[in-house]
Amino acid sequence: SVSSAKLRRLYANNFPRIDPRDFKVTGEASAGYLYSKAAPAFFKHAHFGLMRLVVVLRQPTARCLAEFTGRTGTQSNELSHHSSNGSMTLFTSLAATVQRCGLRVLHTLCPSCPQDTSFTDEASSAPSCHQLREHDLSHLGMDETRSLWRSWYHLFLPAWLNIGPQVLVLYTAELVEPLTAAGLKKLSHFLKLQPAELNASHLSPSVDDLPETAPAQAVGRRFNISEEVVMAVRSLMAHAVQRTDWLMRRANRPAVPVTWRRGSPPHLDAK
């Protein structure tokens with residue numbers, strides 16, 4: 001076991017320019033923490049009891065497409081065109097595979113993901129499904145698959161929700177107009193800080209979540225990809241949206257925004 005002093009010193013190494021004797025509020029941001037197996041246990045340690053952890057979740061389809069195309073605001077047409085060529089085949093083929101073989105097969109292609117026990121469908125033993133498992137394991141490092149797994153929040157949230165009230169889950173929809181003021185007020189209250197006057201106009205174009213009911217053509221234009229890819233990614237996110245909503249409600253947390261919803265996915269265990 002690691003001593004409490006060593007534990008604090010280990011984390012303090014992330015802030016080499018901060019003198020703890022100044023007693024200043026210090027923070028950091030790291031998207032990778034959400035997917036780390038070690039991070040939740042590390043921050044749950046009693047010696048980090050005064051720390052406040054904020055998890056910000058973007059609409060899954062928009063997050064997946066944004067990561068894959070490399071977009072946070074703007075992107076060159078050349079890069080977008082190059083990215084869409086790669087995503088066209090994999091995203092659409094994975095969506096077709098789910099239709100044929102079930103969601104469980106898709107999760108087996110991500111050995112680094114936490115186990116999902118919510119499926120009621122059985123992975124098909126058809127030769128084509130078996131071949132897919134053998135073939136696609138070699139593609140797990142590709143941008144398409146990484147952006148896909150990281151948008152399945154329901155696999156990674158439980159470990160963070162188990163930490164308890166020192167974790168706040170926010171949705172990006174709460175940080176853009178017209179909800180910006182309310183979202184920042186919730187955040188400042190959680191951090192026990194005075195509400196700051198912030199010009200948040202720069203947030204809207206960079207994290208604006210196109211609702212799941214928006215025309216696929218419009219979403220495709222934003223990311224410079226085809227309508228077919230948008231529909232494929234939406235179908236691959238449907239189960240994750242339902243499960244994330246279920247997890248949040250069970251933990252007495254705010255339900256996912258209505259902009260995330262697009263009907264009910266098949267094969268969902270309602271427990």
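For all residues, glycine too, the Cβ spot is worked out from N, Cα and C.
Per TrEMBL, the features are:
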BINDING   R58  3'-phosphoadenylyl sulfate binding site
- Query: What kind of secondary structure is R58 (3'-phosphoadenylyl sulfate binding site) part of, going by DSSP in three states?
  - Reply: coil
- Would you mind checking how many other C-beta atoms are within 10 angstroms of the C-beta on R58 (3'-phosphoadenylyl sulfate binding site)? 19
